[in-house]
There are 4 protein chains.
Amino acid sequence: MSLWEGNRIKDINEADFGRKEIEIAEVEMPGLMACREEFGPSQILKGARITGSLHMTIQTAVLIETLHKLGADLRWCSCNIFSTQDHAAAAIAKAGSAKVFAWKGENLQEYWELTFEALNFPNNQGPTILVDDGGDATMMILEGAKWEKIYEERKELPDPARYETEDEKNLYAVLKRTIPEDPTRWRRCIKDLAGVSEETTTGVHRLYQIAKKGELPFPAINVNDSVTKSKFDNVYGCRHSLPDGIFRATDVMIAGKKVVICGFGDVGKGCAEAMVGCGARVYVTEIDPICALQACMKGLQVVRLESVLKEADIFITTTGNKNIIMAEHMAQMKNNAIVGNIGHFDNEIDYHGLCNWPEIKKVEIKPQVERFQFPDGHGVIMLAQGRLLNLGCATGHPSFVMSNSFTNQTLAQIELWTNRNTGKYKNEVYKLPKELDEKVARLHLKSLGAELTVLSKEQADYIHVPVEGPYKNEDYKY
Amino acid sequence: MSLWEGNRIKDINEADFGRKEIEIAEVEMPGLMACREEFGPSQILKGARITGSLHMTIQTAVLIETLHKLGADLRWCSCNIFSTQDHAAAAIAKAGSAKVFAWKGENLQEYWELTFEALNFPNNQGPTILVDDGGDATMMILEGAKWEKIYEERKELPDPARYETEDEKNLYAVLKRTIPEDPTRWRRCIKDLAGVSEETTTGVHRLYQIAKKGELPFPAINVNDSVTKSKFDNVYGCRHSLPDGIFRATDVMIAGKKVVICGFGDVGKGCAEAMVGCGARVYVTEIDPICALQACMKGLQVVRLESVLKEADIFITTTGNKNIIMAEHMAQMKNNAIVGNIGHFDNEIDYHGLCNWPEIKKVEIKPQVERFQFPDGHGVIMLAQGRLLNLGCATGHPSFVMSNSFTNQTLAQIELWTNRNTGKYKNEVYKLPKELDEKVARLHLKSLGAELTVLSKEQADYIHVPVEGPYKNEDYKY
Amino acid sequence: MSLWEGNRIKDINEADFGRKEIEIAEVEMPGLMACREEFGPSQILKGARITGSLHMTIQTAVLIETLHKLGADLRWCSCNIFSTQDHAAAAIAKAGSAKVFAWKGENLQEYWELTFEALNFPNNQGPTILVDDGGDATMMILEGAKWEKIYEERKELPDPARYETEDEKNLYAVLKRTIPEDPTRWRRCIKDLAGVSEETTTGVHRLYQIAKKGELPFPAINVNDSVTKSKFDNVYGCRHSLPDGIFRATDVMIAGKKVVICGFGDVGKGCAEAMVGCGARVYVTEIDPICALQACMKGLQVVRLESVLKEADIFITTTGNKNIIMAEHMAQMKNNAIVGNIGHFDNEIDYHGLCNWPEIKKVEIKPQVERFQFPDGHGVIMLAQGRLLNLGCATGHPSFVMSNSFTNQTLAQIELWTNRNTGKYKNEVYKLPKELDEKVARLHLKSLGAELTVLSKEQADYIHVPVEGPYKNEDYKY
Amino acid sequence: MSLWEGNRIKDINEADFGRKEIEIAEVEMPGLMACREEFGPSQILKGARITGSLHMTIQTAVLIETLHKLGADLRWCSCNIFSTQDHAAAAIAKAGSAKVFAWKGENLQEYWELTFEALNFPNNQGPTILVDDGGDATMMILEGAKWEKIYEERKELPDPARYETEDEKNLYAVLKRTIPEDPTRWRRCIKDLAGVSEETTTGVHRLYQIAKKGELPFPAINVNDSVTKSKFDNVYGCRHSLPDGIFRATDVMIAGKKVVICGFGDVGKGCAEAMVGCGARVYVTEIDPICALQACMKGLQVVRLESVLKEADIFITTTGNKNIIMAEHMAQMKNNAIVGNIGHFDNEIDYHGLCNWPEIKKVEIKPQVERFQFPDGHGVIMLAQGRLLNLGCATGHPSFVMSNSFTNQTLAQIELWTNRNTGKYKNEVYKLPKELDEKVARLHLKSLGAELTVLSKEQADYIHVPVEGPYKNEDYKY
């Protein structure tokens, strides 16, 4: 990593490779391109200072350059120590679209330092809007402001040693060091902030909890629950990336195999559909009888994991819960059964238990693909150590999926910025209005050659909706 | 039609045929059978007087006998002048499971008289709970009570001639005649009523409007929006009955044909999936960009109707809106294009405009299948005169679909009855609690051989749900 | 039945209804319509006398009128005592397109008398070409000629009583009566015959056996094994008509059900695809490991019947073999399991054994749908008494399927007629040349809106085929 | 490359990595494992010297070790200069299962030298059976023998300079040098040869031409046309590897895209099914009307390439013909359309024309993925330079596919070896008997959990087949 003209990135020489991939990705991100066309000429974000804390990838680069072309001034860090694509970071830095503070393989100390840098604009200014993913940037601001007050009141500073996790220790170390340097930084920042748009479930969950306590000092937009975000991230994204990950990791033929999909929520629905499309026989496990019945109606067999442990070939967790496939389960599987997770978190699969199974032998077949051999000689093939296999073994969501997600982000940023003085948004958490959700969809139809029908006034009146939408109520199931 | 031991039905001789079909249907209605097992021994509806106003079909017969086996005393009429299956009515009458007041092909005068009879239990009593479909029984009670008060106050009675529609004229004629006979009938009835469970969109819509004005005098449960009701009625029911209707009406091979599905809501989704399953090339028209994008992700072509008018073979409306396929459209279709509606109502297709096209020739190929020949010689095949083709040309929803719907009804009836004195339900419109929705699903899984997984306490806590459910929040999209 | 202007049909009054259906069917039979266009103006069959012995249905009516428009003089009978559609017969008779000798529900005596009449053109002439289905017309001619010689040699006539089956008794009774009347009829007929085109497996099998013994006195074209005939009759036809038959017979929802398809040949492949398309979980039984492996690659579970007897909901035989589902099997099925056959013949299912099961109770639910209740109380639903369920419970193959089959017939008739003096065809059994098979396909593409690519000369040379085809060798698998 | 204990391979250090992958692959190659079990104990190939000329990959390693475990002595070279996987070669060499003469990236001189070495066993002996892929080993033997005779007769040796291709120049250079060293080598070799089993279309084509001229001096088995080989290599293999190749090369989301599959033979059928499974809208181009009609029946749109040039997103050639997608076509495509070939050979796409388009700009995005930008600014993404994209951009066929192919090879080798003195095989080209084809299928069913039904004697007689098969005639279409 190096300091390059005010950025902190790994290698500016990768910028050209990054630029090539950005240009390819742009064609697959029509929503963002459409935003540039619609809002670029008016420079709608002129004057906005945006801090983004979101995986610094090629797709994010297209988001950054979209916000930049709309007039914003940007500083960017990643929200995960491993997720930066260095060629993407380099390309953005070189183009000057944003100042970038990210590289692949940061340590936790670096991570929080870089977040801090992304939040500090020149002239002792903070951002005026936030793009957050997981809520770390938001947390630094809120905790910063809290400790500023404590520091002001009783000169006390946070003590990193008192915090449990490495993560927290490092966050508070940064605050401890910097609050005395500028003891009103975070409170000035909050005063300037038009709001935050948050990308993920986890971050949104945090925001709702803060708001519930009445401690949210600026408006927040929950991008995560836009239909065009959640369906793409979950159903369509995973339908694409599950087979991709299995292919790259194992080269195994899926046709004819028995595949168990644990969970039939949105992710499970996408995964099951993909596996059926590959010619697999698909089994589903579910706890929710409604989702289970949906699986039946799709012609899928709903079973308990135990019922197919010994005969299935591939096991995929998608539940968002924990302890789904345990080491005891894997001990009973057939030889070279493949096990992977595409759900929320790595605790769906008991990787730890597997590693600690008595006399287990682990062989790395290739990066992110390990074979664990049990004492009886049979083995299981574990993908990505139980972490998200589509990220670990493939390249995550394709650009078109991210275009949906990031167009929601862009519209949320515009919404926050243009309403900074209108009073439309209180200090609460809002979902993006359905008309903007529909707009995101609309912006992606043209590149697919889809023609949308237009309601007549008479028809719109008949079903009690505006001609231009929104067309559905909030709890419509799609 | 005849009076038979207190019932008014068409032909008691059809009872045996009806009984055979009821027995077959029972096997396909596991939810209702499970209710009999669970709630029969305790006679949970003992003491309840139920009036049902809901299509008197074989499937409804299984509902009626379920409520009867739970202890209720029942009187039943149909909610549509054409929808009674006379052999079903006869079987119920003969078994004495309910008193039945219905036959196929009533006129509107008979219709309201029969509704009136179904609402009048012996000893001048009304029902204690209502099963309603479309809201006609509810309306008779509410209008009755309203006019009772007017009659009491100023001896005025409704004047049928002042109402616009035939329907209204006949309703008010009954009220006019009967109010003087028993001028407190409807108000006593309301006092006794634990509530109504309503089956359809239309009926639910009416109830919300009444409740909004504060005029609802008893609780109402909206069965229509239970997930297990709406998905089955819309997605799965139509996936079954669209090809069934086309097969029976036309014997046409769907494989290789171009089929246009107008609308990609739940009904459209089921229809499109069915047509793809038959080997058709499927086009979708949509006004909602989110639904349109979902169609794209399914590999379907989203077009405007005008773009494929001349080349498509089959056109199906599913929109719930009006004026979707106009006579002008049909004038441009290829010869013997098939046109049908499986959406809300018969105004999706301009049947009237077609009939009145200058020099059009109409030939009835067989009942519910007409060919309209335009002056230029080309013709279109119209199914069921633009009314619901799955009812007109096939037999509507299969028993398994109705089992989901009617198990919701049964649980709603139990909920209303057992809470008649608990104060749980105010005079408002409620959706069935999600745990009951999940219960309906649960009751249908066993007969499909599905095994449900059970959450551990630890897992349930991790995702913040009770072990036994409900598992999702209200706006979950399924 | 009645004699009407030289025809023997049931009711001439049904002619108008038949005509309407014929007109509808014509649009779905583009291959035949194209033949009319191409060969009608030259009257290519002028002078030909055609006898057809083939189910007298609406689709056959379109074939008959095609041959008629090509210049032929026709007489027609049915090849099955139940298969005539009386309104089709009437329409043809009324239009004078052919003389018709057929009605629904002939007895076997009538059957052979009618066949005889169809073979006798005015002026003591026989046909000059035959369209045969099953080989009965061919057999009458060959047996007639054989017995003429015996009669000539030793005045002996066949003795019906000596034959085993009712069928044979009636055939020989006709010959016994008529040979003395005209003792050279059949030999003159054979001399005039340019050949026969045979529709089915059974008939083709007979022809190969006769030819093998050197006893075939005229050329025969095996239409049955044209790819465009066999794929449509088997894969695509059954994919359409299996669900159609199940829908009409039982109204049962197929989604979520477990369906066992016995046999994964062409018929089984079509059936399995249809059931998957309906949302069923499909099991396949197979004896041939290659077909079984194909089923696996489609994601289907290959099992022995015994393994799923107790859990499956629907059982369909497609094997072309016998004793597939025995009464012992049915005794173990779950209550109201549905059993039907769409394979070759009614001995795939042990209907006889079922009827004779001790203390079995049979209830006819409706025509072609029976419930057999075993002494333990569980029952099975038997479709069409184990005969072809798509014919018994639905309307058989749709017009588009028959168009492929009958365009092969038409081209075969033209081929035989135009080569009657060229020596191209010896007294052997020929498959239709592949270029004609390809032509049949070509004639059906236009109505589906398909655009065919044309090889350049250079490309054709590169793969060693003529520009205009045929493109594949005989054992190409398609 | 290096000489290592008599092998010529690249790097023996890769042996352990190769061994790990071989062990994984074995589990996916049940047919070969079953052969080891069945034929290993009897050492059925004891005494056989096998030369293999076939891509030296991990899957081939499993074949080699199978033949080795059956008792054979083996020498192996690759049949393509790029296709060797060096870790596979190293693992085989290290294990001593065969002597290996192959590395990735040979030049043509090396290629023919290595083939020569693989054909020369110790003690001046040649092989007793050949495994060939493309016919190069066979050609070296036949040309060697031919020139030996010429050399014997008139002392003349081949003159490499007189041959046109680099390939031929190098082959004849080897012969020129070695014939004088041992002027009866190839004729002794031929005398010892029990035959050759040939893997591919090209090699089989050559063999038929040689046999036609009566110049084949030993029997040959055409493994290529076994159903279990051709269906797996074409339909199922490509269904797997087309999406795999597109995913790895471009990360593009296939759902919603318009994909054109040029050709609907076996490869095209597999490709189209895969793309439909991914959620694409699929267009097919075809020249053969029967295949085109099959596409229609699958619900696919059959078009000319020109009709969709401007709107489609992905173009894949599968025709086996040449000049399918020309530079002129690509000049009209939309920006970043993806173009690739999975058909026979790289002349399906006019890569040369594209490279030479005036003012075209080529950018390599990453290996095997190039973007060609036309002067107007739009570009196309070319996969694998128009060569097989599943090999270039992914890893070719998965092990399960190759297991089918190589089990055919193993059975063919056993058949040739055990019949070397029985006279069963003349010097002609034979397809593998259908019972062996069925056996290959049978050996793959168990690992998929499939249960095969067994015919009773009575049933077998009824359909005129042996109980144990084969069950179908030669031209059965599967």
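Backbone N, Cα and C define each Cβ position, glycine as well.
Heads up, TrEMBL stuff is auto-annotated, nobody curated it.
Positions annotated as substrate binding site by TrEMBL: A:THR57, A:ASP133, A:GLU199, A:LYS229, A:ASP233. The Cβ neighbour count for A:GLU199 (substrate binding site), using a 10 Å radius and every protein chain shown, is 27.
In sequence order, A:CYS238, A:SER241, A:LEU242, A:GLY245, A:VAL267, A:CYS271, A:ILE316, A:THR317, A:THR318, A:LEU388, A:LEU389, A:ASN390 make up the list of same-chain residues 6 or more apart from A:ILE342 (NAD(+) binding site) whose Cβ falls under 8 Å from its Cβ. Residues or ranges marked as NAD(+) binding site by TrEMBL: A:200-202, A:265-270, A:GLU286, A:342-344, A:ASN390, A:HIS397.
The annotation domain 'S-adenosyl-L-homocysteine hydrolase NAD binding' is assigned in TrEMBL to A:234-396.
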Legend entry - Separation of alpha carbons, A:THR200 (NAD(+) binding site) and A:LYS229 (substrate binding site) (Å): 10
Legend entry - Subset of binding-site residues (A:THR57, A:ASP133, A:ASP233) lying within 10 A of A:THR202 (NAD(+) binding site), CA to CA, in sequence order: A:ASP133
Inset, instruction - Looking at substrate and its recorded binding residues A:THR57, A:ASP133, A:GLU199, A:LYS229, A:ASP233, figure out the farthest C-alpha pair and report it in angstrom, whole number. - result: 18
Inset, instruction - Using a 10 Å cut-off, grab the number of neighbouring Cβ atoms around the Cβ of A:ASP266 (NAD(+) binding site), all chains included. - result: 23
Inset, instruction - State the count of C-beta atoms found within 10 angstroms of the C-beta of A:HIS397 (NAD(+) binding site), not counting that atom itself. - result: 24
Legend entry - Among A:THR57, A:THR200, A:THR202, the most crowded of the binding-site residues [Cβ within 10 Å]: A:THR57
Legend entry - Spatial neighbour of A:HIS397 (NAD(+) binding site) that is closest, considering only the binding-site residues A:THR57, A:ASP133, A:GLU199 and their CA atoms: A:THR57
Inset, instruction - For the domain 'S-adenosyl-L-homocysteine hydrolase NAD binding' (A:234-396), would you mind checking the mean pLDDT of the predicted model? - result: 96
Legend entry - Alpha-carbon distance [A:ASP233 (substrate binding site); A:GLY270 (NAD(+) binding site)] in Å: 10
Legend entry - Nearest of the binding-site residues (A:THR57, A:ASP133, A:ASP233) to A:THR200 (NAD(+) binding site) - Cα to Cα: A:ASP133
Legend entry - Cα proximity to A:THR57 (substrate binding site), best match among binding-site residues A:ASP266, A:GLY268, A:HIS344: A:HIS344
Legend entry - For A:HIS344 (NAD(+) binding site), the one of A:ASP133, A:GLU199, A:ASP233 that lies nearest, given that the binding-site residues are compared by Cα: A:ASP233
Inset, instruction - Could you tally the C-beta atoms, other than its own, that fall within 10 angstroms of the C-beta of A:GLY268 (NAD(+) binding site)? - result: 29
Inset, instruction - Name, in the order they occur in the sequence, the residues of the same chain whose CB lies under 8 A from the CB of A:ASP233 (substrate binding site) and which sit 6 or more residues away. - result: A:HIS397, A:VAL401, A:SER405
Inset, instruction - Look at each of the binding-site residues, A:LYS229, A:HIS344, and point out the one with the fewest other Cβ atoms around it within 10 Å. - result: A:HIS344
Inset, instruction - Write out the long-range same-chain contacts of A:ASP133 (substrate binding site), meaning residues 6 or more apart in sequence whose Cβ is under 8 Å from its Cβ. - result: A:SER53, A:LEU54, A:HIS55, A:CYS79, A:GLU198, A:GLU199, A:THR200, A:GLY203
